[in-house]
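Single-structure report; data block below.
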Amino acid sequence: MSREAAFIAALRGIATHPAARGLADDCAVLEIGGETLILTHDAMAEGVHFLPGQDAADVAWKLVASNLSDLAAKGAEPLGVLLGYQFGPDDARFLAGLEEVLVHFGVPLLGGDTISATGPQVLGLTALGRATHRPVPARSGARPGDAIWITGPVGAAMLGFEALRDATAADSAAFRRPLARLADGRALAPLVSAMMDVSDGLLLDASRMARASGVSFAIDSMAVPIAAPEARRAEALRWGEDYQLLFTLPEGAEPPITAFQIGTASASAEAPVVLDGLPLTEAKGLGYEHS
Ligand SMILES: Nc1ncnc2c1ncn2[C@@H]1O[C@H](COP(=O)(O)OP(=O)(O)O)[C@@H](O)[C@H]1O
Ligand SMILES: Cc1ncc(C[n+]2csc(CCOP(=O)(O)OP(=O)(O)O)c2C)c(N)n1
Ligand SMILES: [Mg+2]
């Protein structure tokens, strides 16, 4: 088990409130006064999530979009964000990007905290939303026979990262300015048996959904749309940060938005994901995990 997976497993003994969903979901889901609040927090660190010297406006964009993507996976309507800010190399560019992304998604900044510290810049953001449909989709609802779908291609962020890192002429926007699929998530929420966003790599996130649902996912690698050269298909399925929505629908149901069927769920087999008939028994190498 990765260090990240082991730590979250240990946290599960503490996070016993039902709203925590066993720390096996993209967000907390808190019933309050006839409404359902959807809460999520993600952090980003220089050198880990963004390159040293990267435009701080793009860093702000991604910090907000990656959190809103978790709300999208619940079909939630964003209510606002709280920012944890550590002064960095260009606070003015960060502010410009923050305003731009919040205007783009129509989300208010509600508060946060600001600190000065040494070492690589670390940023955090909490996003709050309200459920537009109940029950709120979970990672755990996939059933044998369900079809597995994804909203669009994977691999664009990987190519964008390489373009930025290597300062080539290739487009890096998919890495710098990902989109949160809020409208797709809202349209899908009433129909899906399970849904999550793909941040850590399709195969790793699919294995998490399959595990949470107690099923096995048979995935056809050639059915997965990729935005990378064919020779890099295996990497595109593992890199992450494309923020597509991964979801399951009962057999025969058609999604109301553009999406691609990539496989079928079946009763739990020897591995959570079976790729082209090959059981992937270890989580290692399926996606990005913090060590
Ligand atoms: N430090 C932490 N404290 C409490 N919960 C955590 C922590 N880190 C991760 N989690 C929980 O573990 C689950 C998986 O987290 P993560 O893989 O980061 O989700 P996502 O990729 O959707 O952001 C979530 O329920 C998240 O809230
Ligand atoms: C400088 C740099 N190197 C490598 C990557 C690749 N990378 C870093 S984290 C990550 C996965 C997503 O990060 P995580 O913290 O797990 O986000 P979460 O799943 O919690 O939303 C990927 C693909 C990157 N984004 N930036
Ligand atoms: Mg997520």
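Using the three backbone atoms N, Cα and C, a Cβ is placed for every residue, glycine included.
What TrEMBL lists as domain 'PurM-like N-terminal' is 25-130. Residue counts for the domain 'PurM-like N-terminal' (25-130) under DSSP, helix first, then strand, then coil, are 32 helix, 45 strand, 29 coil.
If you draw a 10 Å sphere around the CB of Thr40 (Mg(2+) 4 binding site), it holds 23 other CB atoms from the protein chains shown. As annotated by TrEMBL, Mg(2+) 4 binding site applies to Asp26, Thr40, Asp70.
For Asp197 (Mg(2+) 3 binding site), the same-chain residues lying six or more positions away in sequence with a CB closer than 8 A to its CB are Asp26, Ser69, Asp70, Ala72, Ala73, Arg181, Asp205, Tyr243, Gln244, Leu245, Leu246. For Asp26, Asp70, Asp197, the entry in TrEMBL reads Mg(2+) 3 binding site.
The feature Mg(2+) 2 binding site is assigned by TrEMBL to Asp42, Asp70.
If you look up TrEMBL, you'll see Asp42, Asp113 marked as Mg(2+) 1 binding site. The Cβ of Asp42 (Mg(2+) 2 binding site) lies under 8 Å from the Cβ of Leu63, Ser66, Asn67, Asp70, Gly124, Leu125, each on the same chain and at least six residues away in sequence.
TrEMBL lists His49, Glu241, Tyr288 with the feature substrate binding site. Every protein chain shown contributes to the tally, and the Cβ of Tyr288 (substrate binding site) ends up with 17 other Cβ atoms within 10 Å. DSSP assigns Tyr288 (substrate binding site) to coil, not to a helix or a strand.
Here TrEMBL flags Gly112, Asp113, Arg139, Ser199 as ATP binding site. In sequence order, Leu83, Gly84, Tyr85 make up the list of same-chain residues 6 or more apart from Asp113 (Mg(2+) 1 binding site) whose Cβ falls under 8 Å from its Cβ.
Sequence annotations record features per position, and here TrEMBL assigns domain 'PurM-like C-terminal' to 143-253.
Annotation source TrEMBL lists Mg(2+) 5 binding site at Asp200. In three-state terms derived from DSSP, Asp200 (Mg(2+) 5 binding site) belongs to neither a helical nor a strand segment and is classed as coil.
Using Glu241 (substrate binding site) as the reference Cα, a 10 A cut-off selects Ser199, Asp200 from the binding-site residues Thr40, Gly112, Ser199, Asp200. Listed binding-site residues: Asp26, Asp70, Asp200, Glu241. The one with the lowest count of other Cβ atoms within 10 Å of its Cβ is Asp200. Spatially, by CA atoms, the binding-site residues Thr40, His49, Tyr288 include one closest to Ser199 (ATP binding site), and that is Tyr288. Checked against ligand 2, the binding-site residues Thr40, Asp42, Asp70, Arg139, Ser199, Asp200 give Asp42, Ser199, Asp200 in sequence order as having a Cβ less than 6 Å away from one of its atoms. Using a 10 Å radius centred on the Cβ of His49 (substrate binding site) and all shown protein chains, the other Cβ atoms total 17.
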